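Notes to accompany the following structure.
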C-alpha cells in the first residue's frame, strides 16, 4: 500500500493496485480526507461533548428537525459555535436536516418503548387524541390521508423497517386495522414508510418553511433536504432561503423511487446529495440500495458535487462499545465508492458510546482511503470532464496533475467562495487541500468537499488602493503554510502547490505556483 504520489504513479490499474495492498501499512503522516457528520442529541448537546466529538473526528454538526424544539436546536447551535472557539480558525459546520414530507408516529407515554409481538392486532390512527398517548392498541401517525392512499394487503414499515405491519382493514377515515409481522417496540416519533404508495404530501410543509427561516436567521451552513423527489423541490427550498440564505448549501436526500428516477434533474439543481439509505432501503428493495449508492456517488463524483453516505453505518454502537466487522466494511465501501462525507445518526445522538463511534469511524475511513488508486481515479475523472471546462476547473485539474508529478505534500488554495477548492477536490489529489478563505460561511461548508482542510483567515479584506494585492496574497499563503505545519498536515521544507486568483473575488482562480514550506521564514521562492 502506497502513501505518496510517486508510489501511486508507479502502479497501473485498479486490480494491480489492490493486489499490492499491505494491510499492515502505516503511512508516515495520516490525514483524513473524508468528513464525518455527527447528529447531536441530548447526550452530546454540550460544549464539552461536542469538543470531544471534534477531537475524535467530527467536522459537521447535524440537527434533526424531525425532533426537538427551536429552543433545543438553538442550544445546539450555540454550543457548536462555542466549541469552535476552542480552536479558532478551525471551523465546525452546522447542518439543518428538515423533516420534509415524511410520516412519523406519535409519542408514547413518558417516551417508553412498548414491546409488541408478531401477530398483534392494533389500530394505526390519525386521531389527535392518541398523538401523545400511543399504546399497544392505538398507534398514532401524522399523515391525515393515510386511509385514502393505503389498501388491505399493503405493508406499513416503522422505524427504518424495524417494525412491519400488514394492513387488514380500512376501518374508517381515521383508522386502519393492522397486524404486526414481527416482534419489536412501539417508540416515540419513529419514521413511517408506505412503499409502492403515492403519498400526496407537499415537498415543503409549513413547518419546513419555518425551520428553514430559523436556519437562515441562525446562519446554518447547509440544509439536508429530506425526501427530494424532483429538481423543482430544490428551487422551492432556495426560494424560501432567499437572499439572506443564498450561501447555505442544499443537500438533496434521496430516499425514494421517485428521487432515484429523477436523480439527473435533482443533481443539476442541488449543491450536493445524501444517500439516505434508511428510508431508501424501505421504499425500494434493500438489495437495490447497494447499486443505488454506487450509482448516486459515481454521478456526483463526475459532476464534482459532494455526496454523503448515511444511515446505520455504525448502528450497533448505539449500545455496544465496538462496531461489527460488517459495519466497518460498510464505512470503508462508502469511502472507496467515492463519498465525500459519512454520517452518524443515533450513534452520536443517543448512543452509549458517541465519542468511540466517531473514533472508530475515523479509523475506518483512514484505512479505506489508503486503498484507493488515486492516479487512475484522477485520469478517469479528467477523461469524463465535459469539454470545454471552465478556466477555474482547468486550473484545478492542472494543480492536481502538478501535485502528482511533484509528489507535493499539499495543495494550498486561496478561495473566496470555496468553488476552486471544490473543483480541486473533484479530481481527488493524493495530498490534502488546504483552503484559506475570508468567507466565514465557505470556511464551514467546505467540510463537504473531500480532502479539504478549510481555515478562516482572521484578517479582513484590505483596501487594495493602499495595500498591494500580491502582498496580501503572500501573507495569506504564509499564514496557511504555518497553520498546515502547526496541524501536522505539512512538514517543514515540503513542496506545496499554491492555487490563487489573479485578482480578488469569485471566479478569478487561474494561477498556480510551487513553494516550499519553511516554518522559520516561509519563503515563497521556487524550490
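Quick reminder: no glycine exception, Cβ is built from N, Cα and C everywhere.
The substrate binding site feature in Swiss-Prot is assigned to 62, 278, 279, 311; the stated evidence is similarity to another entry. A strand conformation is recorded for residue 62 (substrate binding site) in the three-state DSSP classification.
Marked as ATP binding site by Swiss-Prot: 64, 65, 66, 67, 104, 190. Taking the Cβ of residue 190 (ATP binding site) as centre and 10 Å as the limit, one finds 22 other Cβ atoms among all the protein chains shown.
Residue environment of residue 64 (ATP binding site) contains 22 other Cβ atoms, counted within 10 Å of its Cβ in all protein chains. Look at Swiss-Prot and you will find 64, 66, 97, 98 tagged as K(+) binding site, backed by similarity to another entry.
If you look up Swiss-Prot, you'll see 255, 279 marked as Mg(2+) binding site. Mapped onto three states, the DSSP output places residue 255 (Mg(2+) binding site) in coil. Cβ-based neighbour count (10 Å, all protein chains) for residue 255 (Mg(2+) binding site) stands at 29.
Annotation source Swiss-Prot lists site 'Transition state stabilizer' at 253, citing similarity to another entry. Counting every protein chain shown, the number of other Cβ atoms lying within 10 Å of the Cβ of residue 253 (site 'Transition state stabilizer') is 24.
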Quiz prompt | Pairwise Cα distance for residue 98 (K(+) binding site)/residue 62 (substrate binding site) [Å, integer] | solution = 11
Practice problem: Write down the Cα-Cα distance for residue 104 (ATP binding site) and residue 253 (site 'Transition state stabilizer'), rounded and given in Å. | Solution: 17
Quiz item: How would DSSP class residue 190 (ATP binding site) in three states?
Solution: coil
Self-check item: Local Cβ density at residue 98 (K(+) binding site) - other Cβ atoms counted within 10 Å
Solution: 26
Self-check item: In three-state DSSP terms, the structure that residue 279 (substrate binding site) belongs to
Solution: helix
Quiz item: In sequence order, which residues at least six apart in the same chain have a CB under 8 Å from the CB of residue 67 (ATP binding site)?
Solution: 189
